[in-house]
Structure formats: C-alpha cells, structure tokens
Amino acid sequence: MALRLTDRQVVAAVSERPFINIISAPGSGKTTVAAERFGYLASQRSSDRRGVLGLSFNRAAVAELSSRITARWGKPTIQLPNMVTTFDDLHVRILHHLIDRGLIRWPGGHSVVEVLDEYRGRRGFRFLSVTNWKRIARCDQSGQVVSHGLQLSAPEYGIGGVADHRAVLMEGFASHEDVRWILRSAIRLDGVVDAIQRWFSSNFRHIIIDEIYDADELDLWMAMTAGSNETDSTHLTLIGDPWQALYEWRGATPDKVQTLIDSLPFHEYEQPESFRFIGEQMPDLSRLLRASAPVTIPRHTSDVVDVALARRWVHLWNVGDNVLPIAFRSVGNATDGMLNLLLDEVSRRKLGRDSFGKQSACVILGIDPSELAPIQATVLEPVLHAMLNGVSAAQVLHLLRDTALDLGANRRPSRLPRQGEPIRHLEVEALRRRLQRDDLIPGLTVHQAKGREWQRVGVVLSEKDEQTLAGGLQKLEPEHCVLYVALTRAKASCVALGDPSKLQVAEAN
C-alpha cells in the first residue's frame with residue numbers, strides 16, 4: 001500500500017533548507033517523517049558523493065527507522081556512504097578515528113577498542129555508594145587514556161578499584177560510558193576538534209537526528225561541530241518533541257537543545273496532527289496537556305485497560321493482580337538475577353515477552369543466554385510447581401537458588417542481608433498471585449512505553465502527580481515530561497490506577 005503523507009509531513013521531508021527542526025507531537029508520524037526525509041536526501045542525484053547519516057539513541061529506534069527507510073526506499077538507501085546508527089556507535093567510530101590519527105593513545109597500544117554496553121561481569125564491577133569513588137576513563141594532556149577517580153553524588157554500579165579499571169583498559173576494552181568520558185576530555189586537546197569536524201564534513205553532507213531531546217551535551221556538541229564548518233558544512237535535521245524529553249536522569253540535557261538551535265539558522269516545522277487518538281477523551285486530553293491547562297484523569301481499576309504504566313516497577317505490583325510487571329527491580333545481585341529469570345519464564349508464557357533486565361541477570365549470574373534458552377523452562381518448572389502448590393516463599397526462594405547452577409550460573413546465590421530476604425518473599429508472593437490468571441496485562445515503566453501506543457492505558461498516579469496535573473504541565477520539566485508521555489500512550493481512553501495512600505506505603509517498603 002502506498003505511503004500517504006500529510007501536507008505538513010511532505011513540506012518538512014523535502015525541505016531544501018540546510019538546517020531544519022521538526023517538532024513532532026505524539027502520534028504525528030515522527031518516524032515516518034524521519035524515514036521520508038532520509039530517503040529523499042539520500043536519493044538526490046548530486047556531485048556531492050558524501051552520505052546521509054541517521055542518528056538515534058537506542059538500537060530499537062535505529063532498527064525501526066532503518067526498516068521504515070528500506071521498506072519505502074530500498075535497502076541500498078541505508079548502505080554506505082549512507083548510514084543509520086546510534087550516537088553510541090558514532091562516538092566509537094570517532095574514537096577510533098582519533099586513535100588512527102594519533103590524537104588519542106590507548107593503554108597497551110591498542111588501535112582497536114572493544115566497546116561494551118557496561119562493565120557488568122568484569123572484575124571489580126559492583127554497587128558503589130555515595131561514599132565510594134568510581135573509576136572512569138579520560139585523556140590526559142598528552143592524549144593518553146588513563147583511569148580517573150570520580151566521587152559519586154548518588155549510588156550506582158561501576159568499577160571502584162583503580163587496578164581493576166586499568167586492567168580492563170589495558171586489555172583493550174571500554175564501556176560506552178567511558179568512551180563518552182574520553183571524548184569529553186579529548187575535545188580540549190589540540191587538533192581534536194578540527195579532526196572531528198573534518199571527519200564529519202568528509203563523510204556526510206546531511207545528518208538527521210531523531211529524538212533530539214534525548215541528547216546529552218556531548219551529542220549536542222557533536223551536532224554543533226558537524227554543522228558549523230564554514231568551508232564544507234554538514235547540514236542538520238533535528239526531530240523531536242520538548243514535551244517528551246524523558247532521559248535527563250541518564251545524562252540527557254533537553255534544556256540545552258535550544259543552544260544548538262540558536263547557534264545555526266534552523267527553520268521550524270510543526271507536526272501537530274496526531275493519527276493516534278480516537279474518540280472524545282484523548283484528543284481533548286492531548287490538547288489540554290500541551291496547552292498547560294489543568295486536567296483531571298478519572299480513576300478506575302486495572303481490569304478496564306490493556307497496559308499499566310508507572311514511573312517505578314514497585315508501583316506496578318500494587319495496582320491490581322491482573323497486572324504483570326516485566327521486572328521487580330533493577331538487577332543488582334545474583335538472587336535478583338534468579339528472580340528476574342523466574343519472572344521472565346512467567347512473562348514469556350503469559351504475555352509472550354521477555355522480562356526487563358534479563359540480559360543483566362545473565363551477566364551477573366555468569367550465564368550464557370544462548371545456552372539458557374533451551375533449558376530455562378525445564379529447570380524452572382519445579383519452582384513454578386512449588387509456587388502453585390503453596391510452598392512458602394522462603395522455601396521457593398531456596399529452591400530457586402538451588403536451580404542457579406542447573407541454569408549455568410557460576411555460583412549459587414547467597415542469602416541477602418537485613419530486610420533483603422523479606423522483601424524478596426513479598427515479590428515471590430506477588431508473582432504467585434498471578435500464576436493462575438489468564439487475564440494478565442503487561443506492566444511497564446513509562447520509559448519502556450515511550451514511542452508505543454495501546455487502545456486503553458492505565459497510568460499509576462500519586463497525589464503529587466494529580467496536583468501537578470491540576471496546575472498544568474510545562475515542557476522540558478523532567479517530571480512533567482514523564483506524566484505527559486504516560487498520558488499520551490492511549491488511543492481511546494486513559495485512566496488513573498492505584499490508591500495513592502497504598503502506593504506511598506509500597507514505595508516506603
């Protein structure tokens with residue numbers, strides 16, 4: 001079937017302006033416009049043999065954009081000199097270019113660095129409290145990559161020991177986070193900015209950045225550097241929505257996007273039309289939210305929705321036993337890893353989807369995912385059978401730990417200290433209550449739901465959330481953006497879930 005575009009979409013996609021900013025409301029066809037602009041620019045016959053670069057911030061988004069482009073314009077459209085990739089991959093390519101130029105030197109003389117999503121599973125990787133120092137990689141004044149100590153202002157996971165971190169670097173490994181730290185420090189060195197600018201201008205005539213409000217300062221610096229070469233500039237298309245800026249917690253700087261926009265002659269193209277909303281509630285709700293007007297979301301039970309959304313996993317376990325969240329928490333130890341794999345087995349059987357955090361669970365347990373798949377159901381069946389037969393949560397947890405070695409783990413998980421065990425007992429009981437239900441719906445965090453849609457959506461709202469909505473939302477405010485994204489996932493109806501007083505108790509526990 002032929003692709004049909006609105007007049008606004010066509011005007012934006014085929015704009016001849018060198019710098020454009022496309023503002024896309026929820027359901028307005030953001031990815032469609034991005035794919036159409038990429039295909040249009042890549043297919044132009046020109047003496048300029050440089051390519052078109054499409055950038056987004058995660059692999060799923062890149063895969064979706066690539067599939068849209070190839071379906072419409074053919075697979076050669078995304079092949080060299082053109083490219084669609086993540087910002088993380090872009091940073092790795094630039095790192096290797098700077099190493100090749102001799103501007104950055106890697107420990108051990110490595111010319112090729114293997115970049116990992118994170119150091120989880122490497123020696124020294126552990127939970128670090130605010131009293132700890134975390135090791136990060138940086139360039140010294142000579143361009144040598146070194147291990148540097150960073151005092152934490154909030155707890156997180158990482159490598160805390162200098163010897164452990166140096167060993168990883170010496171072996172030719174780095175995390176994507178360390179690559180970012182290295183580039184942030186490298187751009188202060190002589191010749192680096194010029195080398196990066198020349199790399200962009202030599203390879204790409206146009207860059208399309210999807211979800212620009214997810215960018216951090218380094219990403220924005222890269223875009224500004226690419227577009228500001230006076231002799232052979234790379235042109236830019238920005239696509240995003242300041243109302244859907246969700247990732248400030250992981251380093252995004254949506255408030256600084258305006259600095260990029262002000263630095264170059266961007267022309268704005270609004271895309272206000274939504275193809276998502278139907279009926280009466282959702283078109284009105286979306287309009288009121290973007291107008292910063294007061295709104296009230298009707299409360300209802302979880303049996304009238306197709307999905308439940310919340311900020312945190314713990315909230316989703318307390319809004320109805322027909323809601324099956326796809327995680328208990330972030331996986332931080334071997335016991336949580338086994339609980340995640342147990343939940344994964346239930347989620348795949350009941351919902352047809354993996355648990356969130358399954359990869360982290362496998363890394364912490366030392367399990368090869370390819371070897372896990374054929375045996376997971378068989379090994380975990382006795383645990384599920386015990387739960388169905390009323391075996392106590394403590395005994396279920398003991399049995400679950402016993403199965404770890406059978407799944408390929410490198411050790412049996414230990415008991416957790418202090419209140420760790422009773423909390424996991426509650427999680428076992430919460431999962432038990434859902435085992436025999438055939439009406440389960442998925443529970444997702446708002447961050448997992450971004451970019452997706454359902455017919456009927458339930459959103460967990462606290463008293464504070466309701467007060468915020470009564471005062472009107474503001475774009476670029478982090479907590480307001482979370483609410484906005486959550487409340488605009490529904491096609492037909494959106495309701496509030498949960499008893500605010502019970503949610504406070506659950507979070508405290």
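We number each residue from 1, going along the chain as drawn.
Keep in mind that glycine also has a Cβ here, set from the backbone N, Cα and C atoms.
Under the heading domain 'UvrD-like helicase ATP-binding', TrEMBL lists 3-278. Predicted-model confidence for the domain 'UvrD-like helicase ATP-binding' (3-278) is 93, expressed as mean pLDDT.
According to DSSP, S28 (ATP binding site) sits in a coil region rather than a helix or strand. Annotation comment: TrEMBL describes S24, A25, P26, G27, S28, G29, K30, T31 as ATP binding site.
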For the binding-site residues S24, S28, T31, the largest set of other C-beta atoms within 10 Å encircles the C-beta of S24
Counting Cβ atoms within 10 Å of each Cβ, the densest environment among the binding-site residues P26, G27, G29 belongs to P26
Residues near K30 (ATP binding site) by Cβ (under 8 Å) yet at least 6 apart in sequence within the same chain, in sequence order, are I22, S24, D210, I239, G240, D241, Q271
